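Novice: Take a look at the following structure, please.
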Amino acid sequence: MLREEAAQKRKGKEPGMALPQGRLTFRDVAIEFSLAEWKCLNPSQRALYREVMLENYRNLEAVDISSKCMMKEVLSTGQGNTEVIHTGTLQRHESHHIGDFCFQEIEKEIHDIEFQCQEDERNGLEAPMTKIKKLTGSTDQHDHRHAGNKPIKDQLGSSFYSHLPELHIFQIKGEIGNQLEKSTNDAPSVSTFQRISCRPQTQISNNYGNNPLNSSLLPQKQEVHMREKSFQCNKSGKAFNCSSLLRKHQIPHLGDKQYKCDVCGKLFNHEQYLACHDRCHTVEKPYKCKECGKTFSQESSLTCHRRLHTGVKRYNCNECGKIFGQNSALLIDKAIDTGENPYKCNECDKAFNQQSQLSHHRIHTGEKPYKCEECDKVFSRKSTIETHKRIHTGEKPYRCKVCDTAFTWHSQLARHRRIHTAKKTYKCNECGKTFSHKSSLVCHHRLHGGEKSYKCKVCDKAFVWSSQLAKHTRIDCGEKPYKCNECGKTFGQNSDLLIHKSIHTGEQPYKCDECEKVFSRKSSLETHKIGHTGEKPYKCKVCDKAFACHSYLAKHTRIHSGEKPYKCNECSKTFSHRSYLVCHHRVHSGEKPYKCNECSKTFSRRSSLHCHRRLHSGEKPYKCNECGNTFRHCSSLIYHRRLHTGEKSYKCTICDKAFVRNSLLSRHTRIHTAEKPYKCNECGKAFNQQSHLSRHHRIHTGEKP
């Protein structure tokens, strides 16, 4: 009753006058502060107050609009049962007692809210369009000096509340119609009645019974309305308690992407998404990690990154029990567990469990939008170019905690860790061989099936692995994108560059556990280990000769086929092995990169340096089982064994003479061809053997052996 009397006084009425029933106004649920109390609130408390007041107002308006749309105007037929909706908008009240320190921002928000019943317009009916328009005038011009410490309720009574629309809904039946006519005549601030028709089939909400004027039920139902979401999306069925939220939600359904990137033309639903996207072009990364200094373009990325340092994993999978640091990783894992692949390619019907995988599936378009500024190589994924850049920078961010070895990619580190654990979980069903990586097992399966999926477009040569095709392609086109920063030498493969770098550093990280011999390549170590076991699984189909390595068998096969695919561009000489061609190139260039630390003598081949070192150490590791004779070189032992067996594998095609060594055959062949490749730089005399040239040099130098 006190609240009702106060409301009547603010409207200039006496306490005993009748008021329209069933109307709950904003002031009835407003939280009130005096000016002194308001000054005691901090910014966060004021922001909270603003949100609560706006939410209350939206809920009240939702109730009011839904009630209004449930009524209709029926033209009078003289029977006295006409239903009329009267909408009165209170005129502005000029008042100088309101302070804009509290409600100014709330008022702006309220003025921006629009309530529209658009369904009626689509059906061709006249629809109620009640808009709360932004007002100009009194509230922004009020003087704080007149506000004093009066309660905000009193200040808002004459000014702020007059801006809020008071929508009075009455049902004219008997005496209620007379009350309506009387109340409207007594209210000087109410404008002319506006008749608005609604859909006839619209039913009145059951929340208030059959009588919309039953004000006694309204206070009890207030809490229900605060939670009510009366704005529903026709597409998804999702409900909202504010029309602005509904409109924002409907943008993706309508296809209205109004924010366009000026650089790439990409469209976005919201302005903040465009702002985040712009950082891709500007490379702006304002968010920095305090732990490692890494920067990010989005704050959410920084938040996810921090979990790497803290080790926090908040997202738990109910299927497999795995925990993840990011929700996106959990969603991906769930798709793997369920086998769900909801993202499908329209071209080839291939399905993916991630949207990003479908986006990266650019096989049909051939699109590669990401280009490396160093070598002009193009990529289909941004993540691929980021990892590619580490080749040029030499960055190796992934380090093994056991042996401190660093790697360019995380996959390399994961693969390396299995060396320490010796875990080989992938087993071949054909031969029982186990592998530490699934990709290795897949490649191994191709050896059994003879499958060669990767074919060269130039020469139609097929390969088992994609890396083999890439290597072959670079040989054909002569491309060498990998350059050594020390000597400027270029290579067709990154692995060759890494091996080459060990020449400058002298690094040999791979050590044999049996004899403690060290190697610069892992493949060399693996080959060496087979020497200890004596295992030779690779057998030649022509001569039944067995080899410890597949590469040795491949080299041997070329002896039978006579294939020499590697050709020198200088002298057109061909070779059966690439390594032979590389060594041959040094004959033309005069390069001798391998130097002895003892006597500073240089060599064009690493093997020659190793053999030379045995002169200083006196080491002779190769022993004949027949006579016990030892040798510095493996080739010397092989040739020696032929003395016991009498084998002479190398035969001259002209005179049928046979030799123990290939070098002896080459020397003999020069007798028939009269070739003299060894020339003296002093006098120009030529010789058919290197030893003859060396002997001739002593004439000029005066050296006596």
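Glycine too: its Cβ is placed from the backbone N, Cα and C atoms.
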Novice: Among 101-122, 145-166, 167-188, 343-364, where does Swiss-Prot put the label zinc finger?
Specialist: 343-364
Novice: According to Swiss-Prot, which listed range is zinc finger: 1-23, 70-92, 231-253?
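Specialist: When 1-23, 70-92, 231-253 are checked in Swiss-Prot, zinc finger belongs to 231-253.
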Novice: Can you check which of Lys131, Lys221, Lys322, Lys455 Swiss-Prot annotates as SUMO2 cross-link?
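Specialist: Residue annotated SUMO2 cross-link in Swiss-Prot: Lys221.
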Novice: Which stretch does Swiss-Prot mark as zinc finger, out of 29-51, 650-672?
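Specialist: When 29-51, 650-672 are checked in Swiss-Prot, zinc finger belongs to 650-672.
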Novice: Take every residue in the domain 'KRAB' (24-97), average their pLDDT values, and give the whole-number result.
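Specialist: When the pLDDT values over the domain 'KRAB' (24-97) are averaged, the result is 54.
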Novice: Which numbers of helix, strand and coil residues does DSSP report for the zinc finger (566-588)?
Specialist: 11 helix, 4 strand, 8 coil
Novice: When the zinc finger (650-672) is classified with DSSP, how many of its residues are helical, how many are strand and how many are coil?
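Specialist: Tallied per class, the zinc finger (650-672) gives 11 helix, 4 strand, 8 coil.
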Novice: Going along the chain, which residues at least six beyond the ends of the zinc finger (622-644) come within the CB cut-off of under 8 Å?
Specialist: 611, 614-615, 660-661
Novice: So if I exclude everything within five residues of the ends of the zinc finger (315-337), which remaining residues of that chain have a CB under 8 angstroms from its CBs? That is, six or more out.
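Specialist: Long-range Cβ neighbours of the zinc finger (315-337): 304, 307-308, 353-354.
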